[in-house]
Amino acid sequence: MTALLTLRDVWVEFGDKIVLEKINLDVAAGSFVSIVGPSGAGKSSLLRLVLGQEAPTRGTISLDGAVLPPECGPDRGVVFQRYSVFPHLTALQNTVFGLECAQSPLLARLFGRARRAAQDEATAMLEAVGLADALHLYPAQMSGGMQQRLAIAQALLKRPRILLLDEPFGALDPGIRADMHVLIRRLWREHALTVIMVTHDIREAFSLGTRVLALDKRRHDPHAPHRYGATVVYDLPLRPREDAPPMQDGAQEEQQATPQKVAV
Amino acid sequence: MRWVNRHMRRNDRMIAGAVPILALLVLYLVMAAQRHALNPGDKILPLPDAMARGLSALLFQADPLSGHFLFWTDTFASLERLGLGLALATLSALVAGLVLGVLPPVRATLGPLVTGIAVIPPIALLPVLFIALGLGETAKVALIVVGIAPPMIRDLTDYVASLPREQIIKAQTLGASSWQIMIRVALPQAMPRLIQAVRLALGPAWVFLISAEAIASDTGLGYRIFLVRRYLSMDVIIPYVAWIALLAIVMDFALAQASRRLFPWAHGASH
């Protein structure tokens, strides 16, 4: 498989503080890459680089062979731990937003037939993530798990080349987190996604990922700890995509995740 | 039980809130009655019947000179100026707040200017406005706008700029341009805050209105108060002040209700 995303000799520095050093990475299309590491090891920095929220100090990042501009775009979807949905829009409006932006540059609103088509597409996606009954709820009326489902639906509707998850399930209860694992696993397969997920939950990293990257500092200067950055210290290929097992907890949970009866 | 835990029921709160107001009214009546017992012609603390007489002359008798019912022409003149001033200030606060809040280069360019204007005491600019715009309506409306718009712009700019970064990033990953982020992400979320800013600006707006009317005008609530001051007509001043207070309360209440109705998502549990 050819590399979808390539990082070549990437450094991130803030002043004389080095956050990431010498990252070389190839991410194959269709892989599910989990990134783990201690706090402050630059996990989120790495994600922000790929997202385009920050530019590398040195080195290049390319997607599909083209160098990424230092700006976010619809080719990379993202789900943050919090604040990834718009509080002033209902679930349906939140999801339709991406289509409206693409089809209506001036008003960012659709009318008539185009609007109905967009709503149908968004509704289908919301059903796929188990929010069929919550189309007209505002985020404030939803639980944390439902909000994350919404954020995922929002991102997937744009068919991104890569889906970036920044500790997406970190703020959820353990039970709901397990439901979300089943969901993201199912979506990853059905939509042939490429996923990069930052997490501090090692178990989650290994159970979901096809590949686990551990970031940490290779060297440590006790007198100037900021002078060495983190890099990939372990790169563990776990399994190719086609061998990805169903959730260890068995098919039962897979059943529970069918859209209509998700208990969140 | 600690005082921080003593929550009151709705009815109790109403009663508790009414007590100081009623106490003040009673205190006034007692003091007025005492003064009138000593001097039946006292004008400083008029009794309610004197106020009713003073006000009814303005309410129901046409002014012999102009043929107008002065209370109503005063009210309409003042509300027109206030409404125009508030509308212009609100509109400019919305546009400037959005542009400054969403676009960092514009914020860097114009932010210091807005801050600079905001620290000038608006009353100090009143002579400038009178000289530049004449003594007519324009200068009075302009004083209100100059007085309340800069703080509103600053408040709205800060609010828009502090929207979670994640939201702006997310919008971009959904394909939104700067313009689309402004009108679909920032604008709707700024609206409840804008209404809040208008509510807070109502007080200063009245101050600037009354000031402008006191200095150069021939009608208006502020003009009347300062005119009758020459005759110690507390029987007119006090009802006028109460009327102004009532108008301000109604506006504030209406704005609060409008915000709840129009933007239920911004008011948490209420929807």
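First residue shown is number 1, and so on along the chain.
Glycine is no exception: its Cβ is also placed from the backbone N, Cα and C atoms.
Residues or ranges marked as domain 'ABC transmembrane type-1' by TrEMBL: B:79-259.
Remote same-chain residues near the transmembrane segment (B:51-72) are listed as 219, 224, 233, 235-236, 238-239 (criterion: CB distance under 8 Å, separation of at least six residues from the stretch ends). Sequence annotations record features per position, and here TrEMBL assigns transmembrane segment to B:51-72 (among others).
As annotated by TrEMBL, transmembrane segment applies to B:84-103 (among others). Non-local neighbours of the transmembrane segment (B:84-103) in the same chain are 110-111, 114, 140-145, 148-149, 152-153, 155-161, 163, 178, 181-182, 186-187, 190, 194, 197-198, 201-202, 205, 208-209; each lies 6+ residues outside the stretch with a CB under 8 Å from one of its CB atoms.
Within the chain carrying the transmembrane segment (B:109-133), a Cβ under 8 angstroms from the stretch's Cβ atoms is held by residues 96, 100, 139, 142-143, 146-147, 150-151, 153-154, 157, 208, 211-212, 215-216, all 6 or more beyond its ends. Taken from TrEMBL, the feature transmembrane segment applies to B:109-133 (among others).
TrEMBL lists B:236-255 (among others) with the feature transmembrane segment. When Cβ-Cβ distances below 8 Å are used as the criterion, the transmembrane segment (B:236-255) is approached by residues 46, 51, 54-55, 58, 74-75, 79, 195, 198-199, 202-203, 206, 210, 221, 224-225, 228-229 of the same chain, each at least six residues removed from its ends.
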